[in-house]
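According to TrEMBL, the protein carries these features:
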TRANSMEM  B:12-30  transmembrane segment
TRANSMEM  B:42-59  transmembrane segment
TRANSMEM  B:65-87  transmembrane segment
TRANSMEM  B:99-121  transmembrane segment
TRANSMEM  B:141-165  transmembrane segment
TRANSMEM  B:186-213  transmembrane segment
TRANSMEM  B:219-240  transmembrane segment
TRANSMEM  B:272-293  transmembrane segment
């Protein structure tokens, strides 16, 4: 077929132009990469509540309808456009996905990561690509203990405070405590949680006995033998950092066999199941929420808005991953807007990094202080309580709050060393 | 004494659960020579179907004991529909291919069904704990066991007996054995091998779904449960010998008791012991405990 020269030239020109053209970004658009589990076992309990919370928050932020000081539209006036990535697939895949978000999608920042493995892998790529990254949920303290990052922040507290506060709590509730058993998942989170819990408890009571400690495979689902082992080797308290389906299966199977009638369960992530299994959790079970989240969140304007809007939209109360996602995005917004206030036009990534370091702000879970990890790691107070049914509705009693300075190490000391030395410098009430 | 009873009971209960999962897997392999990776999806479909049906049923205010029939119904309906669709819709076009190709095909089916499950049920957890707690518990040597778990031992024994009786004491079973021994000769003798394959695959799928439905009351039914169990089921059938129902029973008992002993005596070895036993068996009997070594055609 004959094509006239002029038409041919125009066609070639168009093709060349489209090949070399960079994607045109709307100047008033803030592209935000959001990474949570959207498939696999962690999606239901963590990933999807976090995504729901992000959707709700971003819509409200873009309308400028959030309570002060977050009532400015979007992030520094720019409409936030979320780009979601499924966290499933492991650390290697997430490193590639991160590159894709930055280099091909052109995101301004990334908020994400529930798995500690991903949180240990992704920061190196973030540093290489000089992209602001907020880790919102993962718990391992090693992220900032083993490394020093410029562009990476974590707005959620570490697992250390879950475990240390748990040891304080059971000492407060059971003054005659003699023995503690443990059942934790056989991977880094489970082992770290038990080591921190037992280490800090040993510091508070040297003669504590451990009749048995179990580490079943993650997602095992069947805990019959472990429950028998816990029954044969009876203790006062059973510590567990099980989460999601594993925790729920352990609760169902243990309750059906009467495991919790003679021994009290201490579930460091139990708050996330208190509405789903309200008639199966034995009263008196000690529940943690990985921070002052969910039912432990303070009565502030932000929390009232969040609980009300979330339960209206999704028909259930928000659990801690939802809170932590909101906390991460709000930290990013505030740091960006504080940086913008000091410069003309939009702040650079370096400006936002400077504003984010040692930032203190209010989230729906209360005060967040970025005072660890050289200003890149948050610390918060930690709360525990005991499950109870009040007028047939799930509630908590015996609630005790532990200040951030009580349950977190000072900035220059790794958590395991701090616990090993008997938690020096802890400022408890 | 308490420890011995705990180890035995835990081991047998776990073995019962493993056997129900592994029985369908080994039956399909024995007859069709397909190492069916999609068996994990049958398990998941049974669990989701069971949890959903129990939920609907109890929400209607019907007598709670009827929930057990809902679990059975979910396994029967789910297993039959999915089994038929896969066998008639896809596998029949693949018969005669290499066993490795069939593993890849069924692995692809597993991945597709995982997404189908996600599309139908979403990623939130489902619960159907009422049948688990309804039966109460029994005390043995001071230890409480859920009666539902004890019932599972009897269900597993019943499935084992029905499979043995069906294969060895019925005409259809004997025809099936002829297919197992030599499908070409069986076809020459007038046995409808294609129909045998369909029936076997559906029975295997129903058994997989039944395992999921019976497990659902004690767990949180969530994405990925099918993938988790398929590895364990493979360990069981490999120990017992691929294609042998008796071997699956023995394999399940060995794995169940070994795991239980590890949990009680040396918890750190809980995971290692299952695959340690498998390695040991394969080192001395590569064909598994019950399978007969056969010459390979070249």
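Even glycines carry a Cβ here, placed using N, Cα and C.
Automatic prediction, not curation, is the source of TrEMBL annotations.
When each of the listed stretches B:12-30, B:141-165, B:186-213, B:219-240, B:272-293 is scored by C-beta pairs under 8 angstroms to the transmembrane segment (B:99-121), B:219-240 comes out highest. Using a cut-off of 8 Å between Cβ atoms, the transmembrane segment (B:12-30) and the transmembrane segment (B:186-213) share at least three residue pairs, counting only pairs 6 or more apart in sequence. Tertiary neighbourhood of the transmembrane segment (B:65-87): same-chain residues 38, 41-42, 45-46, 49-50, 52-54, 57-58, 109, 113, 128, 130-131, 134, 197-198, 201-210, 212-214, 216-217, selected by CB-CB distance under 8 Å and a gap of 6+ residues from either end.
Residues of the same chain lying 6 or more positions beyond the ends of the transmembrane segment (B:272-293) and with a Cβ under 8 Å from any Cβ of it are 232, 235, 237-244, 246-247, 250-251, 254-255, 258-259, 261-262. Within the chain, the transmembrane segment (B:186-213) has long-range Cβ neighbours (under 8 A, six or more residues past its boundaries) at 17, 20-21, 23-25, 27-28, 31-32, 36, 39-40, 42-50, 71-72, 74-76, 78-80, 82-84, 86-88, 91-92, 95, 159, 175-176, 178-179, 225-226, 229.
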